[in-house]
Amino acid sequence: MSGDYEDDLCRRALILVSDLCARVRDADTNDRCQEFNDRIRGYPRGPDADISVSLLSVIVTFCGIVLLGVSLFVSWKLCWVPWRDKGGSAVGGGPLRKDLGPGVGLAGLVGGGGHHLAAGLGGHPLLGGPHHHAHAAHHPPFAELLEPGSLGGSDTPEPSYLDMDSYPEAAAAAVAAGVKPSQTSPELPSEGGAGSGLLLLPPSGGGLPSAQSHQQVTSLAPTTRYPALPRPLTQQTLTSQPDPSSEERPPALPLPLPGGEEKAKLIGQIKPELYQGTGPGGRRSGGGPGSGEAGTGAPCGRISFALRYLYGSDQLVVRILQALDLPAKDSNGFSDPYVKIYLLPDRKKKFQTKVHRKTLNPVFNETFQFSVPLAELAQRKLHFSVYDFDRFSRHDLIGQVVLDNLLELAEQPPDRPLWRDIVEGGSEKADLGELNFSLCYLPTAGRLTVTIIKASNLKAMDLTGFSDPYVKASLISEGRRLKKRKTSIKKNTLNPTYNEALVFDVAPESVENVGLSIAVVDYDCIGHNEVIGVCRVGPDAADPHGREHWAEMLANPRKPVEHWHQLVEEKTVTSFTKGSKGLSEKENSE
């Protein structure tokens with residue numbers, strides 16, 4: 001009853017208030033009465049509706065701004081980044097100069113690999129200057145190469161070259177002398193236009209020519225571009241034809257041909273050494289002592305470097321400068337070259353340059369040091385191996401160079417870098433690196449401990465010239481994997497140090513029937529991990545060194561036995577044990 005009474009009382013109160021509001025004069029304009037009437041009739045409140053509309057407009061505006069930002073970001077990624085990347089050079093990766101055209105000279109070939117021509121022509125008397133001045137413009141003295149912080153390949157300014165358009169005095173003198181541009185100059189990379197005219201100039205001594213003379217010289221350049229393919233040279237194109245009416249003018253640049261009947265057959269091929277200036281005693285800068293190239297294969301370009309021996313610290317300093325005219329190993333017409341350096345006969349210690357993408361004329365400018373006593377330097381040889389980097393298969397060997405007489409070469413003037421032909425080598429055994437680990441077996445506990453110590457000289461699997469290696473050890477029995485253990489990942493290194501123990505439980509009665517497969521794997525954030533190399537130890541391992549290590553472990557229980565093992569390619573090892581079926585493809589990939 002109390003509930004009904006209260007409800008009835010509330011209804012009566014509402015009716016009373018409604019009557020009072022109805023009798024009040026100007027009740028429609030009274031805020032309280034209007035609010036009360038709206039509540040009685042169920043109408044929404046005005047301020048609440050305004051707040052809802054304002055909140056909705058704010059949400060819509062915010063969503064529009066977010067969508068606009070997302071659309072701008074997607075447009076930038078899809079349009080601006082590819083357009084910007086198209087501006088890169090097809091050879092050296094640098095920006096393509098828009099002002100290069102058919103009428104430019106060698107100055108247009110910035111980083112294009114044609115500076116071996118300018119360096120060779122700079123030492124000829126027709127160009128009015130000694131040879132070493134031309135080389136000094138390209139390579140600074142060796143003292144500057146050994147400044148603090150220079151190790152590791154600091155960048156040097158790009159070399160400049162002879163540009164006929166930039167020297168109207170010499171161009172006018174060439175036109176007056178009747179010198180014609182060589183239409184069959186050696187192939188130059190197409191960064192600035194491979195068909196630029198190369199003029200052989202007499203000694204300059206005239207005044208400034210007029211603008212008309214400058215225009216005449218630039219019009220002599222060929223109007224067509226030549227593809228970057230070797231084309232035969234004839235004896236006529238190797239020399240320039242001066243005006244026969246002038247007897248006092250010196251003859252054209254004499255470029256000597258290779259001697260001997262066999263070398264005479266190579267006249268129709270490009271020979272970069274013909275354009276190198278002559279050194280002391282008439283010896284060309286590309287030849288001389290210590291030019292013992294590896295093998296007698298066909299030349300695969302040229303490599304430039306500088307040597308110096310530090311007597312105080314017994315250090316042989318080697319600076320890799322650049323390479324020219326490398327062969328194309330990829331389907332896109334380029335290569336991804338890098339250089340490995342050994343000081344023979346020791347092949348365990350090696351250095352490697354960075355990988356240069358999509359170029360046939362890489363500029364390295366990287367310095368390395370070998371510790372070698374002066375008494376041993378005469379018996380040591382410097383070995384350069386030029387490789388083409390391949391992300392998904394074995395790296396291709398482009399060629400190699402072997403140098404002896406290192407002390408004599410190190411005493412060459414520092415401002416004159418050495419040039420050598422890169423000779424095509426035979427199939428070189430894949431150098432995947434070495435792994436150092438120890439084995440220890442506890443018979444009473446039935447525990448086999450594999451301590452991964454370190455690895456050295458691993459194969460570079462990333463474009464940075466490094467790898468992200470980790471070690472995976474698998475316990476194998478009758479060709480089946482029973483257990484596996486892994487080490488941690490070491491980032492950006494080819495010589496990782498682990499010092500990590502991997503423990504396996506092996507019963508004493510089973511130790512004669514099991515073995516280990518140890519693989520060094522390169523970790524990839526995107527895609528599958530790649531095996532760098534493997535080594536296998538056990539009583540029936542195919543490698544004799546693996547069998548010896550296992551037998552020594554069993555002969556010395558409770559003592560760690562440490563050995564170095566050479567890594568081999570996984571596909572070359574068909575089975576872990578002789579006569580076993582081997583690991584399945586799925587197990588190997590895990």
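Numbers here mean position along the shown chain, with the first residue as 1.
Just so you know, glycine gets a Cβ as well, placed from its N, Cα and C.
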**Q.** Additional site residue, Asp468, Asp540 [criterion: listed by Swiss-Prot with Asp462, Asp522, Asp524 for Ca(2+) 4]
**A.** Asp468
Q. When DSSP states are folded down to helix, strand and coil, where does Asp396 (Ca(2+) 3 binding site) land?
A. strand
Q: Sorry to bug you, but what's the C-alpha spacing from Asp396 (Ca(2+) 3 binding site) to Asp390 (Ca(2+) 1 binding site), rounded to the closest Å?
A: 7
(Q) Let's see if you can do this one: DSSP helix, strand and coil counts over the domain 'C2 1' (299-420), in that order. (A) 9 helix, 65 strand, 48 coil
Q: Starting from the Cβ centroid of Asp330, Asp336, Asp388, Phe389, Asp390, which together make up the recorded Ca(2+) 1 site, report each further residue of the same chain whose Cβ lies within 8 Å of that point, ordered by sequence.
A: Lys329, Ser335, Pro337, Val355, Tyr387, Arg391, His395, Asp396
Q) For the binding-site residues Asp330, Asp388, Asp390, which Cβ has the most other Cβ atoms within 10 Å, all shown protein chains included? A) Asp388
Q: May I ask which residues of the same chain, at least 6 positions away in sequence, place their Cβ under 8 angstroms from the Cβ of Asp396 (Ca(2+) 3 binding site)?
A: Lys329, Tyr387, Asp388, Asp390
